[in-house]
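Visitor: The coiled coil annotation in Swiss-Prot covers 248-292, 338-363, 405-442. Under the heading compositional bias 'Polar residues', Swiss-Prot lists 7-28. Annotation comment: Swiss-Prot describes 56-65 as compositional bias 'Basic and acidic residues'. Taken from Swiss-Prot, the feature domain 'PX' applies to 68-190, supported by sequence analysis. The feature region 'Disordered' is assigned by Swiss-Prot to 1-77.
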Amino acid sequence: MAVIDQDNFSNISWHSEQNAESAASTAQVHHESNSSPEYARSGPDDGRPGDNAAGMEHDELDHSGGEILDCTVSDPHKENDGTKDAYVSYLITTNTTFPSFQKPKTTVRRRFTDFVFLYKVLCRDYQACAVPPLPDKQRMEYVRGDRFGTDFTARRAYSLQRFLARLALHPILRKADILHAFLESPDWNATMRSRSVRGSLASPGGIGDSTLGGSAAAGGGGGVFDTFADSFMNAFTKVHKPDRRFIEIKEKSDKLDEDLNHIEKVVARVARREADIESDLKDLAEQFQKLITLEPGVETAVRAFAASVEDTASGLKKLKDHTDQDYLGSLRDMVAYSGTLKNLLKAREQKQLDYEQLTEYLNKSRTDRDMLASGQSYGAGSALMSGAGGFIRSKIEDVRGVDHEQARRDRQRKLELRIEELTREVEVARNESESFAEQVSREVESFDWIKRVEFKRQFSGLADAHIEFYGDVMSVWEQYVMEMEKEGVVLPA
């Protein structure tokens, strides 16, 4: 515990907007009932009064354009049980004021592969957006065959809940037609088939190629080798004029990842300690049950005490599950989300790099044209000035009997055409780089806002879980004391 006491969290700043106008609270849809209340804690705010509760709701509606899109993932259910095609489906409940929805409240069941399809389509159609990532499918539960266990499905439900919540908070992605169809369509399989056909016709790689979570900067597909070659070459090329804005964003993102990884280790240790205490409490209750046979005269008191200890252990298990499955998972999901933003920053840097390289190529072509126009590439001493390449080319042309003046004019004409083409390409690359940079700046603002809302929800859920646990513990032991007083047991002062 000494290690935990020495942990320093002073380098983390959590921003919360204070809103003094609490009377200007905006109506918002809340989940009054749910088949799995535990999942709802990680969902939208429950409207508890607080210093910034009304302000957060007001900001949320302003940032999202005034339309409500509230999604809850719950009730993991194993379908086709007992067959080789078994899978887990999740209940998605949506409350919305979007006019494109047929009903204000819809419920559908979706499996994980449906989420994967939605994610890939969003990555393909919104390449300038930081599409929130899905929970990693490559986990040991698939190797051990425990992917249908309650612990695994609960963790995944929490992560899918956060995935939809981030989409619902994003000012652009929340308006995507594919998202609305995912949340409402009764024939989702037909939607996937039609989208798959259109995606395969639109790009050579189809939907499956866009798996970078919004970091793919260019449309079309040049093949895996071209992508690898570009990445390899760009690894040794640096931007000549880096934008200070994005350098600071990258530094803040790295610092966020470092802090989240540190907190994750601490929370994981806390969850393990809670599991140890739960096990100890169960052992204690079991040992007191054994005392009944040895001391039958105190059977009532011992049995009530053991039952109270078991209730405390059950409450602690519930708290541990929330800490481990929901809050700890939210830290890991936020690290993955931050990685998506970094990929988007890399894509912006790549566009700037493309623009700078095209500019250099254009300047070099203009220099070559000017040298040809001044006749410096030919003559007795000019061949040495043009370098070994020009010298060798001149000698080869002499051997072949080529007219140097005609060759110079041909090369000059080709350079003029190349310069004209490069000028257009440079202008296109400049406009694309600037527009993409502006979009990335807006994405960073959206990421910061979504992060702030998500942290508030997760902290509220964690606080609620602790309040519920300690309130239940207090009630359990107060009830035990009352029962003992009725039995006439004299309690120590």
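Glycine is treated like the rest: Cβ placed from N, Cα and C.
Just tell me what is around each of these and how deep it sits.
Guide: Residues 4, 7, 9, 11-12, 298-299, 302-303, 305-307, 309-310, 312-313, 316-317, 319-320, 323-324, 327-328, 331-332, 334-335, 338-339, 341-342, 345, 444 of the same chain lie 6+ residues outside the coiled coil (248-292) yet bring a C-beta within less than 8 angstroms of a C-beta in it.
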Visitor: Can you name the far-off residues of the same chain, 6+ from the ends of the coiled coil (338-363), with a Cβ under 8 Å from a Cβ of it?
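Guide: Sequence-remote neighbours of the coiled coil (338-363) are 127-133, 212-217, 234, 237, 239-241, 243, 246, 249-250, 253, 256-257, 260, 419, 422-423, 425-426, 429-430, 432-433, 436-437, 440, 443-444, 447.
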Visitor: Of the residues in the domain 'PX' (68-190), how many are helix, strand and coil by DSSP?
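Guide: Final tally across the stretch: 53 helix, 28 strand, 42 coil.
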